[in-house]
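Enquirer: These came from Swiss-Prot, pasted as-is:
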- Ser21, Gly22, Gly23, Leu24, Asp25, Ser26: ATP binding site (BINDING)
Amino acid sequence: MTTLTLNTSLLSSRRILAAFSGGLDSTVLLHQLVLWRERHPDVTLRAIHIHHGLSPHADSWVRHCETVCERWQVPLVVKRVTLADNGLGIEAHAREARYRAFAQTLLPGEVLATAQHLDDQCETFLLALKRGSGPAGLSAMGERSPFAGTLLLRPLLRETRKTLEQWAVHHGLCWIEDESNQDDAYDRNFLRLRALPLLQQRWPHFPAAVARSATLCAEQERLLDELLASDLTDCITTEGTLRLSPLMSMSDVRRAAILRRWLAMRNAPMPSRDALERIWQEVALARDDASPCLRFGDHEIRRYQSQLWWIKSVAGQHETTVAWPVWQTPLALPAGLGTVQLVPGGELRRPREEESVSIRFKAPGLLHIVGRHGGRKLKKIWQEQGIPPWRRDTTPLLFYGETLIAAAGVFVTREGAAEDKEGVSLVWHA
């Protein structure tokens with residue numbers, strides 16, 4: 001049994017990062033990729049192991065993966081992740097953290113390879129069916145999909161778990177067993193341990209038939225993508241928001257399809273039918289004077305200026321002040337708002353020696369900004385500049401002492417304008 005079972009037609013890239021948990025599936029994947037590398041010396045192969053910290057055996061799994069990778073001469077990256085509660089359940093938490101770590105680890109020109117197989121595909125389809133998903137959700141997983149500016153490949157997707165076991169036994173491979181895989185309280189484990197064995201006992205080719213249905217659903221989705229491409233282009237702005245006016249005259253079915261595709265473009269979770277109805281009724285059709293907001297995990301859908309926005313939830317920083325004692329170096333902002341820095345060359349004056357520098361998120365009184373006559377309150381300036389309400393208390397305001405100098409990327413005050421060529425710019429990396 002030496003013929004590779006992975007789909008080598010996917011492996012056009014010569015730089016591969018393999019997801020390696022140390023379990024059966026990923027061990028077979030990595031082993032076959034090592035053999036592929038032997039046949040193609042120009043291939044560069046790395047592995048990544050995610051330490052979730054959920055199991056008391058997690059540290060020993062790291063050591064196992066290090067031993068395997070050392071034996072196979074595969075550089076291994078170990079990433080430790082922290083699972084934050086986003087309301088989606090432990091399985092979704094772990095997956096989100098895992099794929100975020102993958103994205104952060106990928107090098108330019110590298111593709112990600114994961115070890116999902118035919119039985120996984122069947123489980124994914126049935127879970128989507130349980131949620132009442134449409135063709136998009138029932139498309140399950142593709143062998144190739146866009147990911148983090150590159151590709152995510154699933155070279156074993158046509159193979160069954162049984163064939164992977166046969167490969168592993170034939171080649172004397174060692175792998176770890178995650179005890180959580182035996183807990184049928186998890187939906188996927190329930191399917192694998194209890195439901196699918198019964199279905200396969202009755203219909204041995206059930207997983208393959210399900211995979212064919214998933215492929216047909218995917219084809220229908222691609223056709224819809226083609227048919228709706230023009231509508232989608234008309235609806236989406238350069239900022240990635242969704243214009244509401246074109247949707248008003250669409251049928252319910254067409255509008256829902258546009259909403260789904262827009263959310264997919266924003267990397268949002270696939271919404272249920274009820275969720276789409278709530279987006280339309282509670283956000284899109286809310287009163288004109290309302291500021292509607294619908295939470296989805298750690299993101300929100302909001303409406304502003306007759307557009308829908310998909311944004312990350314951030315707590316308001318209205319009362320926050322961040323001192324910036326060494327303004328020549330970047331400053332980290334709270335609540336994951338990124339960093340700011342003052343760089344040479346720009347329209348802001350430098351702070352005087354006696355002036356303390358800070359970042360705040362509110363400013364009292366009347367403000368006089370460059371390019372405007374008269375004074376205005378900050379709220380009025382935000383409105384004139386078209387700054388959405390949720391950004392108004394999270395946009396960094398630069399102060400020298402008690403004097404407002406600038407709002408990052410929005411305006412400069414007259415008191416903050418440079419008087420010579422030695423000015424600086426306030427750069428915000430959100």
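Glycine is no exception: its Cβ is also placed from the backbone N, Cα and C atoms.
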Enquirer: Within its own chain, what residues at least 6 apart in sequence put their Cβ under 8 Å from the Cβ of Asp25 (ATP binding site), listed in sequence order?
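Expert: Counting only residues 6 or more apart in sequence, the Cβ neighbours of Asp25 (ATP binding site) under 8 Å are Ala115, Gln116, His117, Asp120, Leu156, Arg161, Leu164.
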Enquirer: What are the other residues, in sequence order, whose C-beta lies within 8 angstroms of the center of the C-beta atoms of Ser21, Gly22, Gly23, Leu24, Asp25, Ser26 at the ATP site?
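Expert: For the ATP site the neighbour list reads Phe20, Thr27, Val28, Leu29, Ala115, Trp175, Ile176.
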Enquirer: Highest CB neighbour count within 10 A among the binding-site residues Gly22, Gly23?
Expert: Gly22
Enquirer: Note down the number of other Cβ atoms within 10 Å of the Cβ of Ser21 (ATP binding site), including every protein chain shown.
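Expert: Its Cβ shell of radius 10 Å holds 22 other Cβ atoms.
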Enquirer: Suppose we draw a 10 Å sphere around the Cβ of Leu24 (ATP binding site). How many other Cβ atoms does it contain, all chains included?
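Expert: So the Cβ neighbour count for Leu24 (ATP binding site) comes to 21.
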Enquirer: Taking the Cβ of Ser26 (ATP binding site) as the reference point, list residues of the same chain whose Cβ is under 8 angstroms away and which are at least six residues distant in sequence.
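Expert: Within the chain, Ser26 (ATP binding site) has Cβ neighbours under 8 Å at Ala18, Ala19, Phe20, Thr114, Ala115.
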